[in-house]
Amino acid sequence: MAQPSAAHSSPPRQPSVKVILTSADVQRVVDRIAHQILEKTQGAADTVLLGIPTRGAPLARRLAARISAFEGVAVPVGVLDITLYRDDLRRNATRAVGPTQLPAGGIDGQRVVLVDDVLFSGRTVRAALDALGDLGRPASVQLAVLVDRGHRQLPIRADYVGKNIPTALAENVKVTLAETDGTDEVRLYGGTLP
Amino acid sequence: MIRHLLSGADLDADTATQILDTAAEMAAVAGREIKKLPALRGRTVVNLFYEDSTRTRISFEAAAKRLSADVINFSAKGSSVAKGESLKDTALTLQAMGADAVVVRHAASGAPHRLADWVDGSVINAGDGTHEHPTQALLDAYTMRSRLGRLAGLSVVVVGDVLHSRVARSNVLLLSTLGAKVTLVGPPTLIPVDIAAALASGTDVCYDLDAVLPSADVVMMLRVQRERMNDSYFPSAREYARRYGLDGARMRRMPGHAIVMHPGPMNRGMEITPEVADSPRSTIVEQVANGVSVRMAVLYLLLGGNNR
């Protein structure tokens with residue numbers, strides 16, 4: 001039946017916000033990925049973690065710290081900026097270029113684990129693979145993400161996934177980390193924007 | 001982001017700092033196995049050089065190629081310019097060829113400004129007459145920042161033929177924007193009256209090189225243009241060298257951290273002695289290497305997005 005007339009004058013609906021991972025969840029998930037990396041790489045020898053800015057960089061450092069805490073292995077950590085390899089550069093205003101810092105030993109012959117916060121279309125990972133190819137020749141490349149939200153546009157999958165979140169395209173996944181945003185949290189913003 | 005780079009005054013402090021920061025990332029590419037980035041794939045950069053130049057043209061060419069742009073070199077010699085084609089007609093030809101950027105060097109001050117009205121792409125001034133050379137100023141600022149760690153508060157002494165120097169003009173404008181203090185030094189015949197105030201407030205003029213050396217962080221020597229030597233701006237080359245040339249004795253009166261710069265090409269024995277040019281304080285070779293990184297940054301920031 002028809003809504004009461006009062007509904008017409010009510011404010012537009014706010015987008016729904018749902019907390020997917022709390023701060024404690026994020027820590028547990030990072031711990032699990034660190035264990036999985038150790039397991040799958042048999043002790044993380046000859047392994048390098050490369051974080052993709054912005055939030056992949058602190059995640060990579062955390063993973064390295066946890067791996068070191070669990071097994072006493074010092075895994076080299078770096079940052080891989082993919083701005084200049086994006087496929088949408090000329091569709092947007094010029095993007096600022098971030099720093100790329102490779103570990104002193106480089107990536108030649110190493111097992112590189114790319115680290116990012118959210119895996120979505122896969123285009124960022126494609127750009128990262130292109131960038132890696134210009135920086136050296138890793139023995140193999142793996143991918144670790146905190147959240148996989150689906151909707152891939154390229155044939156790319158992650159080797160380590162913190163949490164799979166089924167989403168609608170219109171929804172938005174937002175990861176915040178203590179290093180960049182003050183708190184650890186993963187939120188899902190609903191697709192019902194007014 | 002700005003669309004053209006015609007003058008050191010086109011850049012505010014934020015934009016200039018962004019170019020220098022981007023250049024620092026571009027510099028890392030030079031140390032890689034594959035010195036190439038895909039950022040400007042499919043873009044066309046035309047080097048339009050009406051005056052002879054080696055290092056600037058090669059530097060722009062290397063910068064554009066490292067960003068994967070297509071480069072067309074156009075020099076006035078052997079082109080239809082030699083047959084009398086006007087700048088405007090040349091511009092329309094470039095426009096028809098779909099140039100995304102035109103890097104122009106011209107003997108006439110202001111030529112790049114006119115060109116900017118005629119083409120849709122970005123225009124980058126690579127030296128116009130006795131007017132400006134903004135990418136040289138950017139690479140000088142980049143070199144100072146990487147050697148001395150900062151620009152704000154630096155005391156920069158620019159020595160020589162300020163009257164005819166586009167390098168000096170662009171440097172005064174850019175360095176003042178970035179907080180450095182510039183002192184222009186040279187014979188009174190080669191420093192236009194009131195130029196300091198006209199370019200940027202806070203700029204000083206001094207006719208005595210020895211008076212300013214002890215407090216300088218940077219001493220930038222300008223090339224004495226040989227064609228000027230016969231124009232009676234100074235009595236003789238030897239007298240110029242004695243009063244305004246930088247030799248070892250003068251260099252030792254500079255503070256221990258101070259650096260010596262020169263935009264090149266040098267007249268060894270005239271404005272700078274070989275002892276100074278080849279000393280560890282000299283940044284002359286670094287300036288050339290930094291030129292490529294800075295020009296990559298400028299090309300990327302002007303052409304990388306949909307800024308048009």
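Every residue, even glycine, has its Cβ placed from backbone N, Cα and C.
For B:Arg55, B:Thr56, B:Arg105, B:His133, B:Gln136, B:Gly264, B:Pro265, the entry in TrEMBL reads carbamoyl phosphate binding site. Residues or ranges marked as L-aspartate binding site by TrEMBL: B:Lys83, B:Arg166, B:Arg223. Per TrEMBL, the feature domain 'Aspartate/ornithine carbamoyltransferase carbamoyl-P binding' maps to B:3-145. Taken from TrEMBL, the feature domain 'Aspartate/ornithine carbamoyltransferase Asp/Orn-binding' applies to B:153-302.
Positions of TrEMBL features highlighted on the structure.
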residue	record	DSSP (3 states)
B:Arg55	carbamoyl phosphate binding site	helix
B:Lys83	L-aspartate binding site	coil
B:Arg105	carbamoyl phosphate binding site	strand
B:His133	carbamoyl phosphate binding site	coil
B:Arg166	L-aspartate binding site	helix
B:Arg223	L-aspartate binding site	coil
B:Gly264	carbamoyl phosphate binding site	coil
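It is B:Lys83, among the binding-site residues B:Arg55, B:Lys83, B:His133, B:Arg166, B:Arg223, whose Cβ has the fewest other Cβ atoms within 10 Å in the structure shown. The domain 'Aspartate/ornithine carbamoyltransferase carbamoyl-P binding' (B:3-145): residue composition by secondary structure is 62 helix, 27 strand, 54 coil, according to DSSP.
With every protein chain in view, the residue among the binding-site residues B:Thr56, B:Gln136 whose Cβ has the most Cβ partners within 10 Å turns out to be B:Gln136. On a Cα basis, B:Lys83 (L-aspartate binding site) lies 19 Å away from B:Arg105 (carbamoyl phosphate binding site). In this structure the C-alpha atoms belonging to B:Arg55 (carbamoyl phosphate binding site) and B:Arg223 (L-aspartate binding site) are separated by 14 Å. Neighbour list (B:Pro265 (carbamoyl phosphate binding site), Cβ cut-off 8 Å, at least 6 residues apart, same chain): B:Arg55, B:Arg223. B:Arg166 (L-aspartate binding site) and B:Gly264 (carbamoyl phosphate binding site) are 13 Å apart (CA-CA, integer value).
Neighbour counts of Cβ atoms within 10 Å were compared across the binding-site residues B:Arg105, B:Gly264; the minimum falls on B:Gly264. The carbamoyl phosphate site, placed at the center of the C-beta atoms of B:Arg55, B:Thr56, B:Arg105, B:His133, B:Gln136, B:Gly264, B:Pro265, has further neighbours from the same chain whose C-beta lies within 8 angstroms: B:Ser53, B:Ser59, B:Ala126, B:Gly127, B:Val167, B:Pro263. Here the Cα atom of B:Arg166 (L-aspartate binding site) is found 5 Å from that of B:His133 (carbamoyl phosphate binding site). Nearest Cα neighbour of B:Lys83 (L-aspartate binding site) among the listed binding-site residues (B:Thr56, B:His133, B:Gln136): B:Thr56. As a whole-number mean, the pLDDT of the domain 'Aspartate/ornithine carbamoyltransferase carbamoyl-P binding' (B:3-145) in this prediction is 93. Spanning the residues B:Lys83, B:Arg166, B:Arg223 that the record associates with binding L-aspartate, the maximal Cα-Cα distance equals 32 Å.
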